[in-house]
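Undergrad: Pulled the feature table from TrEMBL, pasting it below:
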BINDING   E94, D206  divalent metal cation 1 binding site
BINDING   H130, H155  divalent metal cation 2 binding site
Amino acid sequence: MKLIDIGCNLTSKRLLPHLDRILAEAQEAGVIAQIITGSDAASNQTALELANRHSELYATAGYHPHHADGWHAPAHRLLLQTLAREPRCVAVGEMGLDYHRNLARRDNQRRCFTDQLAIAKTVQKPVFLHERAAYADFAAILGDALPELAGAVWHCFTGTRAQMEAMTERGLYIGITGWICDPERGAELRDTVRHIPADRLMLETDAPYLTPKTLNPLPRVNEPRYLPAVLHEVARCRDEDPAALAAQTLANTRRFFGVS
């Protein structure tokens with residue numbers, strides 16, 4: 001089985017020092033490629049440098065809503081647009097809204113989100129989306145932009161079935177992480193994942209976070225090599241053959257991001 005991890009934070013200090021080992025062990029586990037999430041100026045640059053150095057790596061470039069207070073257009077807009085045009089950058093993001101932790105002012109989050117959607121329209125690359133406890137504003141802002149976007153994936157989806165259905169009907173893809181493996185937090189998601197259209201489903205680790213709790217022993221740090229645990233839990237919930245699901249999500253990922 002072959003898999004692509006659509007969202008991992010390889011620029012993290014918990015992962016970057018061990019990159020060679022992490023990449024080798026991912027390959028051994030069947031994770032043939034990884035897309036590194038960019039979330040601020042520093043991680044955007046590092047992610048792109050890594051993607052240019054390793055053939056199995058790709059990058060996104062964006063500003064996570066937690067960093068929205070530091071978003072200063074037009075200087076940041078110009079820099080992000082330049083990075084987003086790079087061939088190894090396959091999406092704009094991580095972008096969106098997070099009203100759960102409120103680490104940035106909500107008005108700044110909305111402004112940062114809107115600006116990045118405009119960049120994605122300009123460069124015609126898909127968007128890599130984040131949403132926590134902000135669905136109404138998220139859907140309204142995104143909805144205005146969707147007709148002109150090259151595509152959109154809701155990364156680390158933890159929303160409701162109704163939210164998923166509303167967004168997949170509008171063309172969004174859904175990224176599922178190890179959240180689904182959490183006995184308590186993942187309960188609703190385990191039901192919702194059964195209803196995600198097969199051609200809209202993708203898999204990710206969000207490493208070093210969200211270690212699949214189905215692993216035994218449980219690792220202290222999540223890595224791309226643990227993506228098969230997410231696959232197997234999703235397959236179990238959907239009552240599907242893991243190999244068939246792996247092939248489907250691989251095809252979805254290649255089609256959406258244009259990666260090999």
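Backbone N, Cα and C define each Cβ position, glycine as well.
Heads up, TrEMBL stuff is auto-annotated, nobody curated it.
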Undergrad: Helix, strand or coil by DSSP: which one applies to E94 (divalent metal cation 1 binding site)?
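TA: Assignment for E94 (divalent metal cation 1 binding site) reads strand.
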Undergrad: Drop a 10 Å sphere on every Cβ of the binding-site residues H130, H155 and tell me which sphere holds the fewest other Cβ atoms.
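TA: Per-residue Cβ counts within 10 Å for the binding-site residues H130, H155 bottom out at H130.
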Undergrad: Would you count the other CB atoms within 10 A of the CB of E94 (divalent metal cation 1 binding site), including those on all shown protein chains?
TA: 27
Undergrad: Please report how many Å separate the Cα atom of D206 (divalent metal cation 1 binding site) from that of H155 (divalent metal cation 2 binding site), as a whole number.
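TA: Per the Cα atoms, D206 (divalent metal cation 1 binding site) and H155 (divalent metal cation 2 binding site) stand 9 Å apart.
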Undergrad: According to DSSP, which of helix, strand or coil covers H130 (divalent metal cation 2 binding site)?
TA: strand
Undergrad: Sorry to bug you, but what's the C-alpha spacing from H130 (divalent metal cation 2 binding site) to E94 (divalent metal cation 1 binding site), rounded to the closest Å?
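TA: Each residue's Cα considered, E94 (divalent metal cation 1 binding site) and H130 (divalent metal cation 2 binding site) end up 6 Å apart.
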Undergrad: How many other Cβ atoms sit within 10 Å of the Cβ of D206 (divalent metal cation 1 binding site)?
TA: 21
